[in-house]
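Visitor: Got a structure here, written out as structure tokens. Questions coming.
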Amino acid sequence: MKSDIHPTYEETTVVCGCGNTFQTRSTKQGGRIVAEVCSQCHPFYTGKQKILDSGGRVARFERRYGKRKAGADKDQAAADK
């Protein structure tokens with residue numbers, strides 16, 4: 001095997017945008033990784049998920065086609081018979 005071809009595997013501190021920090025090991029130089037989200041603040045792990053409306057597409061759809069009620073389809077089908 002060739003010597004000195006593998007990067008060093010060192011202790012690294014991961015810092016999240018929420019302020020949470022934890023230690024891990026990585027080959028990234030500098031010993032510090034900055035992350036936007038972690039398991040302490042990510043909506044999937046915290047259970048505080050939100051539906052993101054990208055660019056108002058849901059509102060645009062509702063304006064165009066109207067907001068249907070749950071029983072409206074059944075009432076319409078019964079009226080057609």
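Here the Cβ of each residue, glycine as well, is placed from N, Cα and C on the backbone.
Copying in the features that Swiss-Prot gives for the protein in this structure:
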type	residues	note
BINDING	C16, C18, C38, C41	Zn(2+) binding site
Visitor: Go through C16, C18, C38, C41, the listed binding-site residues, and name the one with the sparsest Cβ surroundings, counting other Cβ atoms within 10 Å.
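Guide: Counting other Cβ atoms within 10 Å of each of the binding-site residues C16, C18, C38, C41 gives the minimum at C18.
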Visitor: Within 8 Å of the centroid of the Cβ atoms of C16, C18, C38, C41, which other residues of that chain place their own Cβ, given that this set defines the recorded Zn(2+) site?
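Guide: Apart from C16, C18, C38, C41, the close residues are G17, G19, N20, A35, E36, V37, S39, Q40, H42.
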Visitor: On the three-state reduction of DSSP, what should I expect for C38 (Zn(2+) binding site)?
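Guide: In the DSSP reduction, C38 (Zn(2+) binding site) maps to coil.
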Visitor: Helix, strand or coil: which one is C18 (Zn(2+) binding site) in, per DSSP?
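Guide: It is coil.
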